[in-house]
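S.K.: Quick one: the structure is below, questions incoming.
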Amino acid sequence: MRCTIVPPHILDRVASAGDPELRDIARRTLVLSSGARTERRMFPAEAAAPNEDFVPNRTIADAGHREETPGKTVRTEGGPPTGDKSADNAYDWLGVTFDFYEAAYRRNSIDGAGLKLLSTVHYGKDYDNAFWDGSQMVYGDGDGRLFKDFTGPLDVSAHELTHGVTQYTANLEYYGQSGALNESLSDVFGSLVKQWHLKQTADQADWLIGEGLLADGVHGKALRSMKAPGTAYDDPNLGKDPQPGDMAHYVETYRDNGGVHINSGIPNHAFYLVATAIGGNAWEKAGKIWYETLTGGKLSSTADFKAFARATSATAARLYGDTAAETKAVKDGWSKVGVRI
Amino acid sequence: MKVRVVRSGGFAGIERHGESDSARDPVLAGLVDRVDLGALSPPGRIPDQYQYDIDIDGTSATVGESQLSGPLRELVHHVLNRPR
């Protein structure tokens, strides 16, 4: 265990306090504590030949309902289906996400250099969560009363793998606005992988995150809505979807790493507005602008919403021109959610 | 001693709250003596893992899911799972 002089709850308070200088120091300290677990590629991967076919290297392991990773290997690349739905879903969704990043952006796996993909399924008992631990994905079965199996929806897998992509590129700090951007990028590409898989244009997509995850009888359609943040669920047991869709409703909190799953609604909605204004397949233009901004090497790991908005606007201008409709759509999208460029 | 636990974060980002008083909760009474909130390291910032805010009679700490072990883990799950 790492020893610190200042207790973490104080750091957390300070990290969300008024004094910007103190706040930054506290946040840096908090972030350092997680540094040991994460890996980041410091130099870009060697460029692949333009026609090289990237192939995934997947491994699925079973935790046997213990909270331990990776667990027992049950399927490796090219192996036959196991007959266990969770393991086979996890395998298939890793493949779809891998194929999306190759087809849409010529990216070879999470790190751009063919990183092996590992997923652990059946983690814990009635475990209502899925996460990316810095080197692999982990899925719970859900408790069956509120949540179903987290390997079910494709966008959950794509969301978690995108945390890996972010880690290997801009490495946005998982706290406050940079953390909410990290979350939002996982939702954006989570939704885009699903849209690509279903061959949906921006106006056909549901723009929901975690559709199919809520158990029968729960009042809600998903966990988040990029189209209408704050409307995904309203249930006696789960409460109401707390996401804001604009800066006027930004939530200040020290919980949830400074509200990363709450305020992500703002950049989520901005992306939705940009993608629907441009029209067509959202991964082709809006997604390309976001992807190039994330992976271009210029985005700071502590970028806030405004810095990210400016960066996407610059990327759009570079890709499509200063006065192009795409660039105007990006500026308008951020403006509508109250982020001034 | 009054113990409050708030779980936040996770993929769903849905908070859960629990509260109990060791004066009326013998299981909790056996756990609070074995937990030292001052000895915890800051939370690891792991995407979509849970974050726990624990308050024991006004002394509080924030920890990440991967830091929960032994009596602290038992305490957190005991308080969160108590019927309200």
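Cβ coordinates are placed from backbone N, Cα and C, and glycine is handled just like the others.
Sharing the record's features from TrEMBL:
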- A:3-30: domain 'Protealysin N-terminal propeptide' (DOMAIN)
- A:61-86: region 'Disordered' (REGION)
- A:85-167: domain 'Peptidase M4' (DOMAIN)
- A:GLU160: active site (ACT_SITE)
- A:170-339: domain 'Peptidase M4 C-terminal' (DOMAIN)
- A:HIS261: active site, proton donor (ACT_SITE)
S.K.: Grab the same-chain neighbours of the region 'Disordered' (A:61-86) for me: Cβ-Cβ under 8 Å, and only residues 6 or more beyond its ends, written as numbers and ranges.
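M.R.: Distant Cβ neighbours of the region 'Disordered' (A:61-86) are 55, 118-125, 127, 133, 136, 138-139, 141, 149, 151.
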S.K.: How far is it from A:HIS261 (active site, proton donor) to A:GLU160 (active site), counting Cα to Cα, in Å?
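M.R.: That comes out at 13 Å between the alpha carbons.
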S.K.: What is the number of other Cβ atoms found within 10 Å of the Cβ of A:HIS261 (active site, proton donor)?
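M.R.: A:HIS261 (active site, proton donor) is surrounded by 27 other Cβ atoms within 10 Å.
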S.K.: Across the whole of the domain 'Peptidase M4' (A:85-167), what does the mean pLDDT come to? Round it, please.
M.R.: 97
S.K.: Provide the number of Cβ atoms within 10 Å of the Cβ of A:GLU160 (active site), excluding the reference atom itself.
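M.R.: Summing over all protein chains shown, A:GLU160 (active site) has 27 other Cβ atoms within 10 Å.
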